[in-house]
Amino acid sequence: MTAHPETPRLGYIGLGNQGAPMAKRLLDWPGGLTVFDVRVEAMAPFVEGGATAAASVSDVAEADIISITVFDDAQVSSVITADNGLATHAKPGTIVAIHSTIADTTAVDLAEKLKPQGIHIVDAPVSGGAAAAAKGELAVMVGADDEAFQRIKEPFSRWASLLIHAGEPGAGTRMKLARNMLTFVSYAAAAEAQRLAEACGLDLVALGKVVRHSDSFTGGAGAIMFRNTTAPMEPADPLRPLLEHTRGLGEKDLSLALALGEVVSVDLPLAQLALQRLAAGLGVPHPDTEPAKET
C-alpha cells in the first residue's frame, strides 16, 4: 500500500455553485486546505476562513487528496493532464477525485494513464445539489480502488452523509448517469402530467404542491428501488405481493389517465410507454396468458 500522511492535506479546484459549499465544509480540516479557482474573488472567502489560495493548478498538486468540481470533460482533462496540470506535479499516492458529471470513459482513461505514476483517479459525482452540500448531506457515488476509497471516506464525510463505493474508476459516473436519467425522465413525465392537468382546467401550481407533499412521504420513484436485480421475481420473493399490488394500481391509474387524455385530446406518450413496461419493470411481468392492460 502506498504510504500517505495520517492527516492528509486537501486540495479543491473549482469553487462554483457546487464546489464552493463542498469546499467550505473542509475549512476546518486538520490537515489544511488549498483551493484554486480561475476567479480570484471566488477564493477570497476561503482564505478568510483559513485556507491557502493557490496561484495555479500546479500549486494544488502539493495536496494529498484533491477534489475537482469543474464544468465538463474537457475542463477535467485540462486540470489533470495539461502541461502544468496535476499529473505533472502530483506525487505518488495522490488521490484526484472528480466530482463533475463526466463520461465514464474519461475517468477510466485518466485512471489507466496515471496509474504508472501512482496517482489514484477517483470519479466521485455527487447528488443533492448545493443545498445538501451546505448541510453536509450530499450523496456521493465513488468509483475507486479499495485503498483510495478508504482514504477519502473521512474527508468526504464532511460534505456527504451517504458514501457509496460503486466499484472501480468509472463506476461512480455510471451510477450518477443512471440516477440523473431518472431525474430528467421524471421531469419529462411531470411536464406530461401538467399538460393533462392544464387541458382539464386544473391549477398547475396546486398540482405541484400535491406532488411534493405526497412524494415527501412516499419517496417517489426511489420507493421501489430495493431489489438487487431487474430480473423477474421468483414466486416466493417476499416483495412480490407488494409489487404486484403496485402493478395493479399503476396499470389502473395509467389506463384512467390515458383515457382522460383521449377525452381532452392530449397526447401522453410517456404514460403509454409506462403502461406497457410497468409490470416488467417492477419485476412482476404478466404471464403469457394474462396480457397487460391496454387502453
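Keep in mind that glycine also has a Cβ here, set from the backbone N, Cα and C atoms.
The model shown is predicted, which means the values in this text are computed figures rather than measured ones.
Marked as active site by Swiss-Prot on the basis of similarity to another entry: LYS176. What Swiss-Prot lists as NAD(+) binding site is 11-25, THR101, LYS252.
Recorded features from Swiss-Prot, shown on the structure.
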residue: GLY11; record: NAD(+) binding site; Cβ contacts under 8 Å, 6 or more apart: LEU33, THR34, VAL35, PHE36, ALA54, VAL60, ALA61, GLU62, ALA63, ILE65, ILE66, SER67
residue: GLY14; record: NAD(+) binding site; Cβ contacts under 8 Å, 6 or more apart: PHE36, ASP37, ILE68, THR69, VAL70, SER100
residue: ASN17; record: NAD(+) binding site; Cβ contacts under 8 Å, 6 or more apart: ALA130
residue: ALA20; record: NAD(+) binding site; Cβ contacts under 8 Å, 6 or more apart: ALA42, ALA130
residue: ALA23; record: NAD(+) binding site; Cβ contacts under 8 Å, 6 or more apart: TYR12, LEU15, LEU33, VAL35, PHE46, ALA51, SER67
residue: THR101; record: NAD(+) binding site; Cβ contacts under 8 Å, 6 or more apart: PRO125, THR173, LYS176, LEU177, ASN180
The residue listed as 'active site' CB neighbourhood, other CB atoms within 10 A: 25
The residue listed as 'active site' in three-state DSSP notation: helix
Three-state secondary structure, which DSSP defines for ASN17 (NAD(+) binding site): coil
